[in-house]
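A.B. asks: Dumping the structure here so I can ask a few things about it.
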Amino acid sequence: MALFRDIVLLGFLFCLSLVATVTSEEGATLLEIKKSFKDVNNVLYDWTTSPSSDYCVWRGVSCENVTFNVVALNLSDLNLDGEISPAIGDLKSLLSIDLRGNRLSGQIPDEIGDCSSLQNLDLSFNELSGDIPFSISKLKQLEQLILKNNQLIGPIPSTLSQIPNLKILDLAQNKLSGEIPRLIYWNEVLQYLGLRGNNLVGNISPDLCQLTGLWYFDVRNNSLTGSIPETIGNCTAFQVLDLSYNQLTGEIPFDIGFLQVATLSLQGNQLSGKIPSVIGLMQALAVLDLSGNLLSGSIPPILGNLTFTEKLYLHSNKLTGSIPPELGNMSKLHYLELNDNHLTGHIPPELGKLTDLFDLNVANNDLEGPIPDHLSSCTNLNSLNVHGNKFSGTIPRAFQKLESMTYLNLSSNNIKGPIPVELSRIGNLDTLDLSNNKINGIIPSSLGDLEHLLKMNLSRNHITGVVPGDFGNLRSIMEIDLSNNDISGPIPEELNQLQNIILLRLENNNLTGNVGSLANCLSLTVLNVSHNNLVGDIPKNNNFSRFSPDSFIGNPGLCGSWLNSPCHDSRRTVRVSISRAAILGIAIGGLVILLMVLIAACRPHNPPPFLDGSLDKPVTYSTPKLVILHMNMALHVYEDIMRMTENLSEKYIIGHGASSTVYKCVLKNCKPVAIKRLYSHNPQSMKQFETELEMLSSIKHRNLVSLQAYSLSHLGSLLFYDYLENGSLWDLLHGPTKKKTLDWDTRLKIAYGAAQGLAYLHHDCSPRIIHRDVKSSNILLDKDLEARLTDFGIAKSLCVSKSHTSTYVMGTIGYIDPEYARTSRLTEKSDVYSYGIVLLELLTRRKAVDDESNLHHLIMSKTGNNEVMEMADPDITSTCKDLGVVKKVFQLALLCTKRQPNDRPTMHQVTRVLGSFMLSEQPPAATDTSATLAGSCYVDEYANLKTPHSVNCSSMSASDAQLFLRFGQVISQNSE
């Protein structure tokens, strides 16, 4: 008995020693893996060799309860750099490896194929390169292989078909080439195949439908050719079929109607022929997108049977015939886009039954007849575009019922009659375009009640009467075009209240009076009042000097400073007889003035505070106080600043904007500062403004410009900032130095720095701060071309208790969030939109708004034919080694500028994506762990595998890890 007990004890001790040996080896393996990482934020601080350290409690490590073998390694979204160590193959018991959302580079090690128990491998959203190793095919237990959003090259290994349990294969957004291996189509358990955004060629194999369990098939944005297989109707398990943005030709096969997919995306190919009527039998369709092809014939009336379809995109084809009235039966329809075809006939009144319709676009067709009153029953209609047709009749007065409408474009038709007063009751309208019609009568003064209006175009009509003074109430307006009408009378004085207006076109009318009422419109950049009957002097102050003579020609009585202007004509000498009484009055007045001068000379002299930058205009206000916030400004007083800048003389001006002028001042210590003089002399709440400035003075970040001092006065407020010698990003891109080559690495560094500064304001300040005016001119550059945001938080700090919104300041045209017009609120996502426009500027070296073109609209117009990369600045293509990264930054910019704020990423997410693009030899500066995502916001987009019938395609874009997942999808969903 004792002998048996001893044997058992020895066996137990042996097992313990064996377990201790194994566990010791696994801990050493983990430390070996750590050596290959560059732990920027020291997130793996607990991975140490300390004797008391238990690797099973290390961050991201999970162990089996009995053997203590490592079974899961989850290091996702930790900002890890470096490579994946070959030592990972020594962890034989691993069931799951999740390294997604880092900045890992190098190749996937062949040794990963030694993890024989592995079921889940997710290396997505990194910078991994090289081929997909064939050794992965040895992982016979593997169920999920997710390698999307890397830089993998080469063909897809056909040996992946040898993994018997593989359910998810996601290789999207890489640089894979070659054809799709036909053997993959014979994997009966495969449920999800994501291959979008690669360089795959060849045809779509008829064997596709051998994948009897496949519900998600996505090959969007490749270079696939040939036709859609005739047998496609046999793929009865499909829920999502996306073949868009390839080079597919031929007709849409009849058998496609046997599919029961929720999403059918065929847009952006070269498909021809007619739309098969059998598509009208696909009752499960939620999204049908056939746009951007060569489809002809008429729209099948049977599509009206699709009562569960929410989005119908047939635009940019060659469709003819009329719009079927049966479309009015699609009761769930939200988006109906039929624009850019050859449709004829009328808009059927049956469309008025679509009470959930959000967007109706029939622009650029040959439609005629009146615009039906029945559309006023579409009470949720947000956007109506009928531009470029042959519509006649009058503007329906019933449109006043469309209270949700923000965009109304009736331009370039044959519409007659007056502008109905009822339009002024569409309170949320931000764009009203009635141009190029035959509208007559006067402009209703009640249009001045449209407080959210951003753009109004009534040009090229037969409008008479005057410009309503009520237009002065359009405080949000940015563009007004009344040109080429018969408008008379003066330019109303009330227009000087339009502090946000950028464009004003009044040419070719019969206006009289002068242009002095526009002198205070400081943000005005496009002005044309030519060919009217205006008289008087053109103002020389403020911003009128920027306008060319062409803006004023054709006004014989208008006096300007250009050649041949009446100002330069020889003027007749006018003889005036002066009475003795007048001479006596002048003499007495002169004596009084002389007496006042003598009294003033006897008083103690103090340096006068500035007024309009003049040295000879003393005023009676007391000297303002200079509040010092930085040691750089120590020992300075207000009088010092006035003396050093000669009372803010014009010769010290280094820039100006819509609300301020910026001066350069060299301090006593020979260090320069930038002085921003605000135009507003009477802040509504000086005390509140001072409180905000005190708060802003505490904000310090390497990518933010520091506030060094301030001076508040009813004469005008001064803000003192760091002076940055390289000026603004706008100067670098569009200013006198724009001929200078700007390489890709520098652009990426600037984009990353600006994003870090904005992310700090949004996520690390308490209370959080909305910038409200993100634009290239508010991104300054230091001597190393490091980006630093300026002008942040001046208006109002973000109030967390009020839904993080504020309406105090509007942004700049071209950069402003379109959602602002509907809500009158700016949020963090408004800053994200503006930042996206800045990214587009960096990528194209084009201005956000240039003359009458809009950069975002221009980019969007190039997306349908995959021509976006053609917009890239040539300096990028000549200095960037990997144009795939440029394409991804385009994707990121389009994500930032999505119309719906909830679809945009956060600035933390933006910084993480841009950080992943930075060159490994020049890593970005480390950020605090608080500046990274506190926890993974990743939403498992494959979670519907067990219940494929419940797939919700829209939810797939909600994942934090999908910030730049699908180039084509970003384009198609970024509707204007």
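Placed from the backbone N, Cα and C atoms, the Cβ positions cover glycine too.
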A.B. asks: Quick one: which of Asn457, Asn952 has N-linked glycosylation site in Swiss-Prot?
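C.D. replies: Record lookup, Swiss-Prot, feature N-linked glycosylation site, residue Asn457.
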A.B. asks: Run through Asn234, Asn726 and tell me the one Swiss-Prot describes as N-linked glycosylation site.
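C.D. replies: The candidate carrying the N-linked glycosylation site note in Swiss-Prot is Asn234.
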A.B. asks: Quick one: find which recorded stretch in 69-92, 165-187, 260-282 has the most Cβ pairs under 8 Å with the repeat 'LRR 11' (308-330).
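C.D. replies: By Cβ pairs under 8 Å, 260-282 leads among 69-92, 165-187, 260-282.
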A.B. asks: State the non-local partners of the repeat 'LRR 18' (476-498) in its own chain: residues 6+ outside its ends, Cβ under 8 Å from one of its Cβ atoms.
C.D. replies: 430, 435, 443, 451-470, 504-515, 517-521, 528-529, 534, 810, 813, 821, 824
A.B. asks: Which residue, out of the glycosylation sites Asn65, Asn221, Asn409, Asn457, shows the minimum number of other Cβ atoms inside 10 Å of its Cβ in this structure?
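C.D. replies: Fewest other Cβ atoms within 10 Å, among the glycosylation sites Asn65, Asn221, Asn409, Asn457, is found for Asn65.
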A.B. asks: If you draw a 10 Å sphere around the Cβ of Val662 (ATP binding site), how many other Cβ atoms fall inside it, taking every protein chain shown into account?
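C.D. replies: Neighbour count, Cβ to Cβ under the 10 Å cut-off: 19.
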A.B. asks: For the repeat 'LRR 4' (141-163), what does DSSP give as the number of helix, strand and coil residues?
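C.D. replies: DSSP classes over the repeat 'LRR 4' (141-163) add up to 5 helix, 7 strand, 11 coil.
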A.B. asks: Write out the long-range same-chain contacts of Asn528 (N-linked glycosylation site), meaning residues 6 or more apart in sequence whose Cβ is under 8 Å from its Cβ.
C.D. replies: Ser483, Leu504, Arg505, Leu506, Glu507, Asp550, Ser551
A.B. asks: What does DSSP call Asn510 (N-linked glycosylation site) in the simple three-state scheme?
C.D. replies: strand
A.B. asks: Measuring Cα to Cα, how many Å separate Ser660 (ATP binding site) from Asn510 (N-linked glycosylation site)?
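C.D. replies: One finds 34 Å between the Cα atoms of these residues.
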A.B. asks: Which sequence positions outside the repeat 'LRR 15' (404-425), separated from its termini by at least 6 residues, show Cβ-Cβ distances below 8 Å to it?
C.D. replies: 363, 371, 379-398, 431-444, 446-450, 452, 457-458, 463, 821-822
A.B. asks: So which residues does the repeat 'LRR 4' (141-163) touch in its own chain, when a touch means Cβ under 8 Å and the partner is 6 or more beyond its ends?
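C.D. replies: The answer is 100, 108, 116-132, 134, 169-184, 186-187, 194-195, 200, 882, 884, 942, 961, 964-965.
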